[in-house]
Amino acid sequence: MEMTEASKQTTTHDHVQNPKPDQILSPRRSLQVKQKKWWVAVALCLFLVLLGDCLVILLLNFFYVQDRRGEDDNKHLQYKGTWMQALIQNAAFPILIPLFFIFPSPKPNHETNSTSFLSFRLILLYVSLGVLVAAHSKLYALGKLYAGYGFFLLISASQLIFTLIFTAIINRFKFTRWIVISILLTLVSYAFGSPQFAGEPVENEYFYSIRAWLTFSASVAFALSLCLAQLGFEKLLVKTKRYGNKKVFRMVLEMQICISFVASLVCFVGLFVSGEYKELKGDSMRFKKGETYYVLSLVGLALSWQAWAVGLIGLVLYVSGVFGNIVHMCASPLMALVVVLAFNFLEDEFSWPRIGALIGTVLALGFYFHTLHYRNKEKIVELNQSENNVEV
C-alpha cells in the first residue's frame, strides 16, 4: 500500500515537471480564442453603429419630408419638437431588458471587493451619464433644427476633438501615429461626406444665436459621456462580483439600460414642463402619410437609436471611446449614400467629394484596425516569451 502511494506521488511529480504539449500550449490557445471572440464582438458593435446611423438618418428624413409645415398658414414654421426628439433617442431601452437576461453572465468572483461604496459610485455614474446623454440629445436636436446643417456639422465635428482631450486626461489614452492618421482622415471624411437633411431650416429661419451655439455643449456632453463610460467599465463594473474582472456584452446592456432610463426620465419631465406635449397631436395630424405612419416612424427611430447606442457603448467597452467616436463619424459618407439612394429631394447626389470621403473612412478604420491587430499580436508575442522563460 505504501509503495502504491509513493508511486502515485512520483507520477504526480513527474507530471508537474514534464507537462504535456497540450498543457504548454493551452494559455496560447486560450488567448487566441479570446481574441477571436473579441474581434467578433467588435465587428458586431461596429455593424450596429453603422446600421443605427443609416436607419436614423433615413427615418429622420422620412419624418421631416412627410411634415406639412410649409403647406399651412402658420407664421412660425420652425420645428419645436426638440424634447420629443431627445426622448425618442432614449425611450426604447425596455427592449434591451430581455436581452440582458438572455446573454450569459460570467461566474461570480467572490474575491472582488464589491462593497456598498462601489455600488453607490456605480449608481452615481449611471445618473451622471443619464443626465449627460439627455443634455446631449436635447442640444443635438436644437442645433439640428435651428441652424444650417453645414454649420451644425462643423460644430458637431468638435466632439471628436473634445473626446481626444477628455480621454487623454481621464482614461490616459495612448496615441500612436496610426491612430492620429485615422483621426485626421475621420475629420476630413466627416466634413466632406455629410448627408442631406430634410429637417434643415430654410434661409429665413436660420437662428445662429445661443441655441445653435449650444451645439458645442452637446459635443462636450457627448465626448465626456464616452470617456466616463469607459472609465466606469474599467474601474467600477469590472470590479463587481457579478462580472469578476471579465468584460462581457452583458455589461454593455446593463449600462445602456440604466443610462437610457435616467435620460428618458429627464426628457419626459422636460417634455411636460416645457408644454411641448401639447403640440404632439398637431404634429401627427400634419403628417402626410397619416397618424399610423407618424407613430411607426417614431417607433422606428427609437429602435434605431437604441441599436446605435448599444453598438457605441460596446465599442467603448471593447476598444475605447475614441474608436467609438471615430466609427460614428466615419458613418457620415455611408449615411449620405443611403439618403441619395432612398430619397430624391433637393437634387442631392453622391458627388466626387463624398466618394473621396467614403474612401477616406475606409482608410481611417483600416489604420485604426492596424493598431488593434498590432496590439493583439504583441500580447501573443509576450505570452510566447513568458513560456520560453518558464521552460528555461
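Glycine too: its Cβ is placed from the backbone N, Cα and C atoms.
Record features, source TrEMBL:
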{"type": "COMPBIAS", "residues": "1-10", "note": "compositional bias 'Polar residues'"}
{"type": "REGION", "residues": "1-23", "note": "region 'Disordered'"}
{"type": "TRANSMEM", "residues": "38-63", "note": "transmembrane segment"}
{"type": "TRANSMEM", "residues": "83-103", "note": "transmembrane segment"}
{"type": "TRANSMEM", "residues": "115-135", "note": "transmembrane segment"}
{"type": "TRANSMEM", "residues": "147-168", "note": "transmembrane segment"}
{"type": "TRANSMEM", "residues": "175-192", "note": "transmembrane segment"}
{"type": "TRANSMEM", "residues": "212-231", "note": "transmembrane segment"}
{"type": "TRANSMEM", "residues": "252-273", "note": "transmembrane segment"}
{"type": "TRANSMEM", "residues": "293-319", "note": "transmembrane segment"}
{"type": "TRANSMEM", "residues": "326-346", "note": "transmembrane segment"}
{"type": "TRANSMEM", "residues": "352-369", "note": "transmembrane segment"}
Per Cβ pairs under 8 Å, the stretch of 83-103, 212-231, 293-319 packing most closely against the transmembrane segment (38-63): 293-319
Which of 147-168, 212-231, 293-319 contacts the transmembrane segment (83-103) most, counting Cβ pairs under 8 Å: 293-319
The transmembrane segment (212-231) versus listed stretches 147-168, 175-192, 352-369: most Cβ pairs under 8 Å: 147-168
Cβ pairs under 8 Å between the transmembrane segment (147-168) and the transmembrane segment (115-135), at least three: no
Long-range environment of the transmembrane segment (175-192) - Cβ separation under 8 angstroms, sequence gap at least 6: 153-154, 157, 160, 164, 168, 322, 326, 329-330, 332-333, 353-354, 356-358, 360-361, 363-365, 367-368, 370-371
Residues of the parent chain within Cβ reach of the transmembrane segment (352-369), under 8 Å, 6 or more residues beyond its termini: 178-179, 181-183, 185-186, 188-193, 323, 326-327, 330-334, 336-337
Tertiary contacts of the transmembrane segment (252-273) (same chain, 6+ residues out, Cβ under 8 Å): 45, 83-84, 86-87, 89-93, 96-97, 99-100, 103, 126-127, 129-131, 133-134, 137-138, 229, 232-233, 237, 306, 309-310, 313-314, 317
